[in-house]
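Visitor: Structure incoming, see below.
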Amino acid sequence: MKRIFLIGYMGAGKTTVGKDLAERMKLSFIDLDCYIEARYHKTVGQIFAEKGEEAFRDIERRMLQEVSMFEDVLISTGGGAPCFFDNMEFMNANGTTVYLKVSVQELAKRLEACKGTRPVLKGRSGEELVAFIAESLEKRTPFYTKASIVFDAEVMLTESDVHEISEALENIL
Ligand SMILES: Nc1ncnc2c1ncn2[C@@H]1O[C@H](COP(=O)(O)OP(=O)(O)OP(=O)(O)O)[C@@H](O)[C@H]1O
Ligand SMILES: O=C(O)C1=C[C@@H](O)[C@@H](O)[C@H](O)C1
Ligand SMILES: [Mg+2]
């Protein structure tokens, strides 16, 4: 039985690499953000706006525990999931955790294009976005680095780079 958790900052490629890797490894794929949205019939943005971050983190924790009952599954978590409660210890006790590590500059480049769907980044751009990512990544790194595998996912420019990353991960896992 395999259960893999992909973790890392927003924009690290958890969803993008996760889908490819799960297909390759013949595992079911679950994106925790999408799972929450389907269960609650609301987007993550709506949950943040209507209930606040604390309520979202509570939902996220419960949903993480729910999907962790599934077998032969690859779970891409939300960027913040490993950094609240005992979620990181919980994932390490229930599967193999993989941290997709990407630099601040590269994250900022990727997120500038798609920050609209990430409430945590709302209203931030340019140098302010870079500074925010740098500060929060520093706070989150001690959690992320508790992962069993730390994987450099910096280069991801084309679809074949995504395949390369997931092929390399498949060989480790
Ligand atoms: N193959 C690629 N080439 C270039 N950019 C990419 C590629 N894959 C993903 N990206 C960029 O990186 C962004 C983030 O990717 P993805 O949604 O997989 O990150 P994530 O780790 O799941 O983030 P979150 O924690 O917010 O869910 C994408 O929306 C896209 O802008
Ligand atoms: O890094 C974060 O705090 C988040 C990342 C996303 O995956 C979502 O879970 C949400 O937007 C919060
Ligand atoms: Mg994602």
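In case you wondered, yes, glycine gets a Cβ from its N, Cα and C as well.
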Visitor: Given that TrEMBL annotates Gly11, Ala12, Gly13, Lys14, Thr15, Thr16 as ATP-binding, name the residue from Arg118, Arg124 that shares the site.
Guide: Arg118
Visitor: Which binding-site residues, if any, among Gly13, Lys14, Arg118 have a Cβ under 6 Å from ligand 2, given in order along the chain?
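Guide: List returned for ligand 2: Arg118.
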Visitor: Can you give the largest Cα to Cα distance in Å, as a whole number, for the residues Asp33, Arg57, Gly79, Arg140 that bind substrate in the record?
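Guide: Greatest Cα-Cα span of the listed binding residues: 18 Å.
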Visitor: Using a Cβ-Cβ cut-off under 8 angstroms and a sequence gap of six or more, which residues of the chain neighbour Asp33 (substrate binding site)?
Guide: Thr15, Val44, Gly78
